[in-house]
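A short write-up of the structure that comes next.
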Amino acid sequence: MASVGMRGAAPARAGRGLAGSRVGWEGIHERGRPLGLRRPPTLPARSATVKPSLLRRPPPPQSKSGAEAPDYVAETQQGNGAGPEGNGAEVSSTYTPEVKNYSPEFLRRRIIVFAGIIIGYSCYYLTRNSLGFAAPVMVADKSLNMDITKIGALTSIFPIFYGFSKFASGVLGARTPAHILLGSGLIATAAVNICFGFGTSLAWFSVFWAMNGLLQGLGGPCCARVLTNWWASGERGTYWGMWNIAHNVGGFLAPIIVGTVATKFGWRWGLWTPGIIGVIVGCAVLFAVQDNPTAVGYPAVEETVQEPKAEENGKPSNKPSLLDLLVQNVLKNPYIWGMALTYFFIYVIRQGVTSWFVFYLITAKGVGDAGSAAVRVSGMELGGLVGSLIAGRFSDWMILHAKPGQGAVGKRVQVVMMYTVGVAIALFAFWSLPGHLAWLQWVNVFMVGFFLYGPQMLIGLCGAELVGPESVGASEGFLGWVAYLGAANAGIPLSIIVKSFGWSYYFAALIAACGCALLLLAPMMNLKSHVQREDAKLKLKAA
């Protein structure tokens, strides 16, 4: 019945829902539209017809008060993802992520999307770091009456607004197309850079740099939503790690572009140039990037259970509000809190390393000057780039080789734990190395970056895979906000530890942060993804 009534379904509905996916594929094939996958997903061979009940999403489990419980509650009822096998194997998910055989047309379109988010987010970093490399020329301009203290005040304003923005944009942007937010946000932050370049007073600079912080938070959550929609679980880690190099690309280009232009043409052009680049790239992002495959006529890369469009009485169902998405799927999800607190400690370590290693080499290891010390810690970003790529690829490999019923997110958590142990070992080694072995210290810092940036990348990915598509932005925003609280706590608290107790206690504090992260991650070693939990619900309803 369903295959007859829906044979002409629009391409935008293809691949949506486990029961409806085959129907949608047939509709595309008959209308001559290109297929996103060469092999359509098949239905269980239980009968020749599709049961109408399977075309609707099963009702979520009820809490004691009668309210709908979030899907992570269903996980504990159907087979807890935290334990080795779960306590309800008869209804737990047997969904196993796999990399499907995509068509060349789909792959070409996806490459365009991927290039768009990498180049776009790299330009976010360019407009974010512009002030830091134009600041020396601003201080040298006597007409501005700027000094290092006023520059420090400007740089302190940014993270306050950026952390709030990342959280707010992730929540409020859940109903806005990700590519619109990503492109328009880049154009807006580029315009702020241009306006900043026309200023002459500290008040003007403060207002526009605070606005830059508010707009910068649009980038990360939007890219997370695009990555979640265009790449399936078995390949997402690899591409998430590759996207993560946008941080390094933007950080690499900022001193070259901004520093060179500001030195030759003045500090104003040091802000105007990244602004002009951002406007051009932002316009390109609006056309190159799309939220998901279904928006351009391809089936979804993963089948997910969809909400019914109408209730039994014919009235349209109510969409959950943004507040409901935040509270029910994020703030009430204990696993998101576990990831957030882990992120907090990872960012304490990251900021503690980047802020204090140079001082440690000078004061404790006898390195002569800041330039020589900076060379020894220059391998940090390079190690982070390599570590992120390998962490993403390795977590995908673990997921693809997992046994049925094992949690996909749990596999990534296990990789995070391995890397966190590596961070602790690398920190202890750096603490113990003698000061005269400069090359060995460089290698050691490379390994610190290698092991540190892997968890930084994967925790964000885990947070995205734990929630449904509409809550990805909120999840990423919340995680990012807590992470920046961790970064803030690496400043004054660690300085007090160094000043009062010495460098030994500084390293002990960072290694203790690794231990706290491992304790938080331990209960989540078999955590299931949102797709796996939805699959378990569907099987429970069908049974």
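Quick reminder: no glycine exception, Cβ is built from N, Cα and C everywhere.
Bear in mind that TrEMBL entries carry predicted annotations, made automatically and left uncurated.
Among the features that TrEMBL reports, compositional bias 'Low complexity' is placed at 1-24.
The annotation domain 'Major facilitator superfamily (MFS) profile' is assigned in TrEMBL to 108-526.
If you look up TrEMBL, you'll see 1-94 marked as region 'Disordered'.
TrEMBL lists 111-128 (among others) with the feature transmembrane segment.
Note on the transmembrane segment (148-168): residues 128, 131-132, 135, 138-139, 202, 205-206, 209-218, 220-221, 476-478, 480-481, 484-485, 487-488 of its chain, located 6 or more positions outside it, place their CB under 8 angstroms from a CB of the stretch. Per TrEMBL, the feature transmembrane segment maps to 148-168 (among others).
Under the heading transmembrane segment, TrEMBL lists 180-205 (among others).
According to TrEMBL, the feature transmembrane segment maps to 240-262 (among others).
For 269-289 (among others), the entry in TrEMBL reads transmembrane segment.
Per TrEMBL, transmembrane segment is recorded for 335-362 (among others). Using a Cβ-Cβ cut-off under 8 Å and counting only residues 6 or more beyond its ends in the same chain, the transmembrane segment (335-362) has close neighbours at 72, 368-370, 373-374, 376-377, 380, 416, 420, 423, 427, 430, 435, 441, 445, 448, 452-453, 455-456, 459-460, 462-463, 466-467, 475, 478-479, 482-487, 489-491, 494, 498, 503, 506, 509-510, 513-514, 516-517, 520-521, 523-524, 527.
Per TrEMBL, the feature transmembrane segment maps to 413-433 (among others).
Sequence annotations record features per position, and here TrEMBL assigns transmembrane segment to 439-466 (among others).
Positions annotated as transmembrane segment by TrEMBL: 478-497 (among others). A Cβ distance under 8 Å defines the sequence-distant neighbours of the transmembrane segment (478-497), meaning residues of its chain 6+ beyond its ends; these are 159, 162-164, 166-167, 170-171, 217, 220-221, 326, 330-331, 336, 339-341, 343-352, 355-356, 459-460, 463, 505-506, 509.
Positions annotated as transmembrane segment by TrEMBL: 503-522 (among others).
The transmembrane segment (269-289) makes contact with the transmembrane segment (180-205): 3 or more of their CB pairs lie within 8 A, with pairs spaced 6 or more apart in sequence. Contact between the transmembrane segment (413-433) and the transmembrane segment (503-522) is supported: at least 3 Cβ pairs lie under 8 Å, counting only residues 6 or more apart in sequence. The transmembrane segment (240-262) shares more Cβ pairs under 8 Å with 111-128 than with any other stretch in the list 111-128, 180-205, 439-466, 503-522.
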